[in-house]
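A.B. asks: Below you'll find the structure I mean.
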Amino acid sequence: MKIGLFGYGKMGKMIENLAVERGHEISARIDVENKEIDFSSFDIAIDFSTPDSAFQNITSCFQHGIPVISGTTGWLENFDKAVSICNQNNTGFIYASNFSLGVNIFFELNAQLARMMAQLEQYNVSMEEIHHTQKVDAPSGTAITLAEGIMANTPYKSWKLDENGEDIVSIHSKREGSVPGTHIIDYSSEVDSIEIKHTAHNRKGFALGAVLAAEWLIGKKGVYTMKDVLNLS
Ligand SMILES: NC(=O)C1=CN([C@@H]2O[C@H](COP(=O)(O)OP(=O)(O)OC[C@H]3O[C@@H](n4cnc5c(N)ncnc54)[C@H](O)[C@@H]3O)[C@@H](O)[C@H]2O)C=CC1
Ligand SMILES: O=C(O)C1=N[C@H](C(=O)O)C[C@H](O)C1
């Protein structure tokens, strides 16, 4: 597979290493210093760029018929538009706030726990996410996906950053050193607490998941999720 990398930062470089190990070629590296794009040089694009540039990167690929794997967070107000442009151009798209196998299992566990807690009014849910100090968006995309998983399975109606309230999933974002990504969900009552936690030890799991998603998507049309790739429930 010939891959075009959009964003050649921490994730772009890690994906390059893993993709080459798996026999793929990186035929384009697009970043702020290199914005010349030869769309005929790659079969699929993998975008780990910035919230401000992701939509433009992704949709310019669709307009050239190139399928896209997107891991960039913080641009989802334009997600539905991106999906329409993908479908208009009859190509393929997978977005995931987190590509790691562990977090995708954690998403399932979160939904299952939420279903069990849904009727227990004595418990109040909150979330903490911890990331490195270079992260530009808060809360993390993963925390938003987890909050949506809780809201889909309980009476909680919205999520908010650092705000408490009866119907609110309260998310607290911490930025510390070089932490790759930690997410903790806590249900607390007056008498006890239940916590589930995922800790990424490094970025390899995210990168491997993105390359596996690209291998799975190539040759397909339409919009998919990591649930499809990993065959989860
Ligand atoms: N979905 C997932 O599994 C994961 C998602 N992420 C997300 O991926 C994104 C990138 O993360 P990192 O690599 O850690 O950040 P990074 O800051 O190390 O890399 C981002 C790169 O994008 C480049 N960039 C800026 N404007 C650009 C443009 N117009 N076109 C192409 N590239 C451009 C920057 O120069 C930089 O090299 C973030 O949104 C982060 O939240 C990070 C890890 C896992
Ligand atoms: O910026 C990061 O580093 C990460 N971003 C993603 C997110 O916002 O959830 C995924 C992972 O937690 C690392």
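Glycine residues also receive a Cβ, built from the backbone N, Cα and C atoms like all the rest.
Caution: TrEMBL annotation is automatic and unverified by curators.
According to TrEMBL, the record shows the following:
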{"type": "ACT_SITE", "residues": "HIS131", "note": "active site, proton donor/acceptor"}
{"type": "ACT_SITE", "residues": "LYS135", "note": "active site, proton donor"}
{"type": "BINDING", "residues": "GLU33, GLY71, THR72, THR73, ALA96, SER97, ASN98, PHE99", "note": "NAD(+) binding site"}
{"type": "BINDING", "residues": "HIS132, GLY141, THR142", "note": "(S)-2,3,4,5-tetrahydrodipicolinate binding site"}
{"type": "DOMAIN", "residues": "1-99", "note": "domain 'Dihydrodipicolinate reductase N-terminal'"}
{"type": "DOMAIN", "residues": "102-230", "note": "domain 'Dihydrodipicolinate reductase C-terminal'"}
A.B. asks: Say you check the Cα of LYS135 (active site, proton donor) against those of the binding-site residues GLY71, THR72, SER97; which is nearest?
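C.D. replies: Out of the listed candidates, the nearest Cα belongs to THR72.
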A.B. asks: For the recorded positions GLY71, ASN98, LYS135, THR142, which residues place their CB under 6 A from an atom of ligand 2?
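C.D. replies: Going through GLY71, ASN98, LYS135, THR142 in sequence order, those close to ligand 2 turn out to be ASN98, LYS135, THR142.
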A.B. asks: So which of the recorded positions THR72, THR73, ALA96, ASN98, HIS131, THR142 sit close to ligand 1, that is, with a CB under 6 Å from an atom of it?
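C.D. replies: THR72, THR73, ALA96, ASN98, in sequence order.
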A.B. asks: How big is the gap, in Å, between the Cα of ASN98 (NAD(+) binding site) and that of THR142 ((S)-2,3,4,5-tetrahydrodipicolinate binding site), rounded to a whole number?
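C.D. replies: Cα to Cα, ASN98 (NAD(+) binding site) and THR142 ((S)-2,3,4,5-tetrahydrodipicolinate binding site) are separated by 6 Å.
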A.B. asks: When you put THR72 (NAD(+) binding site) at the centre and draw a 10 Å sphere around its Cα, which of the recorded positions HIS131, HIS132, THR142 have their Cα inside it?
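C.D. replies: Those near THR72 (NAD(+) binding site) - Cα within 10 Å - do not exist; the answer is none.
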A.B. asks: What does DSSP say about THR73 (NAD(+) binding site): helix, strand or coil?
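C.D. replies: In the DSSP reduction, THR73 (NAD(+) binding site) maps to coil.
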A.B. asks: Roughly how many Å separate the Cα of HIS131 (active site, proton donor/acceptor) from that of THR142 ((S)-2,3,4,5-tetrahydrodipicolinate binding site), to the nearest whole number?
C.D. replies: 11
A.B. asks: Go through HIS131, HIS132, the listed recorded positions, and name the one with the sparsest Cβ surroundings, counting other Cβ atoms within 10 Å.
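C.D. replies: Counting other Cβ atoms within 10 Å of each of the recorded positions HIS131, HIS132 gives the minimum at HIS132.
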A.B. asks: Please give the average pLDDT for the domain 'Dihydrodipicolinate reductase N-terminal' (1-99) in this predicted model.
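C.D. replies: That stretch averages a pLDDT of 97.
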